[in-house]
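According to Swiss-Prot, the features are:
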DISULFID  Cys3-Cys21  disulfide bond
DISULFID  Cys14-Cys42  disulfide bond
DISULFID  Cys27-Cys31  disulfide bond
DISULFID  Cys46-Cys57  disulfide bond
DISULFID  Cys58-Cys63  disulfide bond
Amino acid sequence: RTCNKTPSDQSKICPPGENICYTKTWCDAWCSQRGKIVELGCAATCPKVKAGVEIKCCSTDNCNKFKFGKPR
């Protein structure tokens with residue numbers, strides 16, 4: 001499996017057994033100025049997250065694309 005990974009936002013080969021791609025987003029103190037923090041990566045299962053953290057998981061190559069842009 002290949003997934004996009006931060007910080008480079010480039011497609012990388014996942015380690016053996018990690019067949020899920022994920023996109024995790026959350027806000028910190030700078031969210032209103034910089035936007036949400038984004039983490040892209042691979043996992044064996046869809047990661048569990050705490051309240052306030054959004055996660056999207058998928059299982060095809062490079063399915064976790066995220067459009068990075070300038071905050072408004």
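Placement of Cβ uses the backbone N, Cα and C atoms for every residue, glycine included.
Since this is a predicted model, take the numbers as computed values, not measurements.
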Under 8 Å by Cβ from Cys21 (disulfide bond), same chain, sequence gap 6 or more: Arg1, Cys3, Asn4, Cys14, Leu40, Gly41, Cys42, Cys57, Cys58, Ser59, Thr60, Asp61, Asn62, Cys63, Asn64
C-beta crowding around Cys27 (disulfide bond), within 10 angstroms: 14
Which same-chain residues, if any, lie at least 6 apart from Cys46 (disulfide bond) yet have Cβ under 8 Å of it: Ile20, Tyr22, Ile55, Cys57
Among Cys42, Cys63 [disulfide-bonded residues], residue with fewest other Cβ within 10 Å: Cys63
Proximal but sequence-remote residues of the same chain as Cys31 (disulfide bond) (Cβ under 8 Å, at least 6 apart): Ile37
